[in-house]
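For reference, TrEMBL has these:
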REGION    1-65  region 'Disordered'
COMPBIAS  1-14  compositional bias 'Basic and acidic residues'
COMPBIAS  24-37  compositional bias 'Low complexity'
COMPBIAS  53-63  compositional bias 'Basic and acidic residues'
TRANSMEM  75-96  transmembrane segment
TRANSMEM  149-171  transmembrane segment
TRANSMEM  183-202  transmembrane segment
TRANSMEM  208-224  transmembrane segment
TRANSMEM  244-262  transmembrane segment
REGION    269-293  region 'Disordered'
TRANSMEM  300-323  transmembrane segment
TRANSMEM  357-378  transmembrane segment
TRANSMEM  390-412  transmembrane segment
TRANSMEM  433-455  transmembrane segment
Amino acid sequence: MSAAHSAEHLRAEESAESSGTRVGSGDAAGSRDAASRNAELHNATNQHPAAGPRHESAREPRGVLRRRRPEIDGVAALLALVAFGVYLGFSAYTWANFSSVSWDHGIFTQLADQYARGKFPPIVDIKAPGYNLWGDHFHPILLLTGPLFALWPSGMMLLTLQSALFALSVYPVMKLARERLRFGAIIGVAYALSWGLTSALVVQFHEIAFAVPLLAFGITNWLWGKQRRAAAQIVLLVFVKEDMGLTVFAFGALVLFLAWLGRTKKTESSGTRTRAKKTESSGTRTRAKNAESSRSEARIGAFLMVWGLTWFILATQVILPAFSGQGAWEYTNRIESDSAPGIFGILLPLDVKLPTIIFIVTSLGIIGCASPWAALLLPTLAWRFAGNNPYYWTILWHYSAVIAPIMFIALIDAASRLKAADHLGSATLRKKIVVCCGVVALGSSLIGTSTNGFGSWATGRGNTQAWNSVPKYGAAQSPAEQAAGRTGIEMVGQGRTVLTDVITMSYVVPGNRVLWEHSYRGAEDEVDTIFFSNRLNHGSGLTVAIWATEHFGGIWEVKLDREAYVVVMKERS
């Protein structure tokens, strides 16, 4: 073999490796392709013996000479930008419309405010007076919200951040879908509109917003052959929420199993096939590289298993109990209490959980259930269905956001496997099935989203909380009502201890100590301002002032009573 031939051959191998192409040691088709490429290179070299190193360098793939530039998918980037615009538009609408479903957004706004002011540990009085939120859930990644809140001290900052994180996750899912499937754009759009993401937007900011892009990029990078980058993203999940450690454990177990399975298949097939002498050396090197790759994947998988399980145990058994006033993880009773269905009743009540299962299966395009990556759904679904909180069981709220990228990546993976399965019918039939599965997933997204507040907003119905038992709880407010709410915020100002409802709390966090109307016990003497919205029927300003006198003592003055928005303040002695 000539020196030029040898150099060209090695460069071809390096180029294939840099592009993520791996040939199994027992893959006959791969061996034939490798032999064909070697023959072509040999012939090309012999036909052009005068070609010098300078000419060869000119024809080198860029990845051989220098680090390959990342390939940006313009369509995927465009969809991500459009998704961000739509998500942000919806979030801005809920913010301007004073539409909030729970106290969670207020809690996270107060947490960000504490971090912005360098308060450690963070005391979040909305949860309870003097409550240390480090004893509630394990989410150190939210330390990142502190600097952002310092730059933009508003609950709207968190809504913008969540919109950006969700939109960011759209990019890798869409890119993977377009790379592997001819009609992959259908799946990318279905993901962007998925009920898992839109339901989370309806209930405003939660810590799981950080998990969504980490999962999306982590899994897709692994499928692209960028194992170390994927692992670096997956390990961060343990800092989003304590239960994510179980998902990291599942990810590690899955890649360890796949590495073992792939190595076993290669070993079995390599024992039944022979190679031509001219490719024997190349085949040996390929087998060695694949064996090392399998060992590397197995090591990463084992590490992720240990990492995820260790942090889950540390978070739930050491860190959270240490900061909790109860000396234990507060959410244990969500599964262990008598009201929890437990493992044996995990599918009950069927009338609530069966629709959720149907939405999950259809979001997987049905065939996604056959993808090994669908196994990553199990940790989250297990604690949700075994828990005693009915909100865990539905597709509403934010609990399905973390499973959204898993479902659609599993669908893409299964669809691409089916497309390449030559032994399963004609290529035309398989393509039709893949398209149908994508349409099923899109239908699941559209139907699921139509049941939540995002769907109501998108279709012009306006009420973003229509499912709530309180009449017109999330209905569109008139300009006069919105103006009254903004006046109330200005009236409260800063430097006060404010009692609020779930609607108004996020708006007055900056510069104030904020309490919730149902968890203020122990701080009665400190409350000097009350700010209620018009959505929960608190009554007139006079009614609220009388109630305040009865519960907090002193004399209370009505500062605002407009469009049923009420601000009353305690007269200073």
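Sequential numbering from 1, following the chain as shown.
Every residue, even glycine, has its Cβ placed from backbone N, Cα and C.
Those TrEMBL annotations? Automatic predictions, nothing curated.
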Task: Non-local residues, at least 6 beyond the ends, that sit with Cβ under 8 Å of the transmembrane segment (390-412) - done: 166, 169, 173, 176-177, 180-181, 184, 187, 190-191, 194-197, 199-200, 202-203, 206, 208-209, 211-212, 215-216, 219-220, 223, 244, 247, 349, 352-353, 355-356, 359-360, 363-365, 367-369, 371, 373-374, 376-377, 380-381, 383-384, 437-438, 441, 448, 451-452, 467
TODO: Look over the recorded stretches 149-171, 183-202, 244-262 and say which has the most C-beta pairs under 8 A to the transmembrane segment (300-323).
DONE: 244-262
Open item on the list: I'd like to know if the transmembrane segment (244-262) touches the transmembrane segment (433-455) in this structure, counting it as a touch only when three or more C-beta pairs sit under 8 Å and are separated by 6 or more positions.
Closed with: no
Task: Residue numbers, six or more beyond the limits of the transmembrane segment (183-202), whose CB comes under 8 Å of its CB atoms - done: 75-76, 79, 82-83, 87, 90-91, 94, 101, 162-163, 166, 170, 173-174, 176-177, 208-209, 212, 359, 363, 365, 395-398, 400-405, 407-408, 411-412, 415, 434-435, 438-439, 441-442, 444-446, 448-449, 451-455, 464-465
